[in-house]
């Protein structure tokens, strides 16, 4: 589209001439800007020195240099000549503020670099190296000098009194720094901080931060840390502060063992107090006011030289500091005879030892039992003893009682299921069929004697007990019947 538009709109000769002129001017400005070579930005510290370099680069042109000047611009709109060099008239330093602090590094019009000594914070600003040339006129390059200042850091805890209002307990300051510092707090106590800054006349900044909280007695001695971070520091500056919170005394009495018996010597009580600042006075009294004659007081220690009924009373310890007074009372009881202390620790150790021994023995017994059981399971003989063999044909004897010896009777053949009454008045005997007989023999067929009979010979005594010598190997066996 651009090509079509350009084809439809023919260029006028005047327009082309203006475009060429603009390009020439821009190119000329670029060349001019590159003729004076300087550093864009420098950083320096007070009391130090800085070199401002300048060099004229003409690229082989026929530009004639007349003189060079260094112009200082502390703020916009203010231009002061601080150094001038002329090939004929030499060097000049017209500004009083830089007198004896500025020198040319060499007498060379093409390299008129200068050095400023004993720098001040007020020396910050723009420094322009400006040439007077022929025929192109003035040509220049500008360097911005940034003055840095290391802050003077400090931190301090503020002594306060415990109360119910939020107060400043510590402050931290980074004074006269440039650029401005950043302050942070690290603390394990609940609180907050506020930060403010103040600008100095020389461009420096002072930053101040306050840490505030509602102080309590527990906050005394706790730590807060101030961290100051600023460009001129290699690492953040830190200061650990211990808070100082003052409060009235808190009193306790110890040493009483409930064994003040008549005649005991040197029974002792101690009065302990926590306070900030430290207690100024410690006073012992009794319920009656004065102390018994057998009592001796040394600071916070009360000693009863010999216990008697006079110390069967209530003792009071009172402690004071500048913020107030606190007291604690203790009632002592005098007994007739000495109480032997119970050896609780030894008794407990003995009981524990007994229980430990019992548990150890039980563990050993359990291990031995498991080992023996494992050996029996893996290597011992069979658990069940095999029953003695009986003839399969003697099943009818299981139904008879052997309480009386059998009598000779006439053998009467009975059918299966018929009931037979012995002539001696015995209980009835039921004949079993062949299947029942097999069941009693474990399902094995009846065993025959050598003559081929099934072993039934009426009331022959041989039917009342099997003979193990007549049982062939491999025959079925059942357990010996039990007679009730």
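Just so you know, glycine gets a Cβ as well, placed from its N, Cα and C.
Taken from TrEMBL, the feature domain 'Ig-like' applies to 33-146 (among others).
Feature annotation from TrEMBL assigns domain 'Ig-like' to 151-244 (among others). Counting residue by residue with DSSP, the domain 'Ig-like' (151-244) contains 3 helix, 56 strand, 35 coil.
The domain 'Ig-like' annotation in TrEMBL covers 249-331 (among others).
According to TrEMBL, the feature region 'Disordered' maps to 377-484.
According to TrEMBL, the feature signal peptide maps to 1-33.
For 349-371, the entry in TrEMBL reads transmembrane segment.
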Average pLDDT across the domain 'Ig-like' (151-244), rounded to a whole number: 96
DSSP-assigned states of the domain 'Ig-like' (249-331) in counts, ordered helix, strand, coil: 3 helix, 53 strand, 27 coil
